[in-house]
Amino acid sequence: MRQKIVAGNWKMNNDLAQTEDLLGQIKNQWQEKEGVRVIVAPAFTNLHHAFESLRKYSIDVAAQNMNENSEGAYTGEVSARMLTSIGIKTVIIGHSERRAIFKETDEVLAKKVNAALENDMEVIFCCGEELSERMGERHFEVVKSQLEKGLFQVSEENWKKVVIAYEPVWAIGTGETASPEQAQEMHAFIRKTIAEKFGQTLANEVAILYGGSVKPENAQEIFAKEDVDGGLIGGASLKAPDFLAIVNAF
Ligand code: G3H
């Protein structure tokens, strides 16, 4: 049985007071949903607070990024060890905003994945094509290349600590969601690509999340698809009732 996961990526939203408020609302309305793992990813400055605040709840806290180096003269950056020292054991790597805005290359992402795994962290590795790539029918090729260059260096043993998030860039924050069929088609392709390299047994165990304008209204239909193991939620994760409704969509 694969893990089912609903993760909220809060991106660069919420100062400390707003974080406290959102966490308070989540906790007030929280009812554990059996078999579904819930993760929230606040900004760096609020990670410690979120971790302490959620200690008694079965909600994990993830970072949205980290640096690939262990320490040194990298002004403004945060290392895996800094994250684990405050209890953070999961990190999102390769989000399309990191790739596009901060120019993170496949090579850098591969190093980040390795650094996270070396520090015994879990990685949520994001992949997904841009609109022009889908229009040009290159979406499978693009996602395969992102996986091969950023993730396929991972040893079989370490795949236990890898979750994949498929996020078509054209569906992020746009209100336009991939259809459940489009999501399923890509998720099945990702699983097949992993199977070809690492074997079907390993591929069957990897959780693959869908991200891109998931809301309470469409979550159930998307999560019902065979190869969709949950969601990486942006905008809707900033409202506790919507986020929890998505958790309950399983
Ligand atoms: O990490 C989350 C994704 O970028 C999805 O964002 O739900 O606002 O479209 P969204």
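Easy rule for this one: first residue shown is 1, then count along the chain.
The backbone N, Cα and C atoms fix where each Cβ goes, and this holds for glycine too.
Unlike curated records, TrEMBL annotations are generated automatically.
Database features (TrEMBL):
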type: BINDING; residues: Asn9, Trp10, Lys11, Gly173, Ser213, Gly234, Gly235; note: substrate binding site
type: ACT_SITE; residues: His95; note: active site, electrophile
type: ACT_SITE; residues: Glu167; note: active site, proton acceptor
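Listed in sequence order, the residues Ile172, Ile233, Ala236, Ser237, Leu238 complete the 8 Å Cβ shell around the substrate site centroid, once Asn9, Trp10, Lys11, Gly173, Ser213, Gly234, Gly235 themselves are left out. Cβ-based neighbour count (10 Å, all protein chains) for Trp10 (substrate binding site) stands at 22. The Cβ of Gly234 (substrate binding site) has 21 neighbouring Cβ atoms from other residues within 10 Å, across all protein chains displayed. Note: the CA-CA distance between Gly235 (substrate binding site) and His95 (active site, electrophile) rounds to 15 Å. Secondary structure at His95 (active site, electrophile), as computed by DSSP, is coil. Note: the CA-CA distance between Trp10 (substrate binding site) and the residue listed as 'active site, electrophile' rounds to 12 Å. If you measure from the Cα atom of Ser213 (substrate binding site) to that of the residue listed as 'active site, electrophile', you get 15 Å.
Selection of the recorded positions Trp10, Lys11, Glu167 by a Cβ distance under 6 Å from ligand 1 yields, in sequence order, Glu167.
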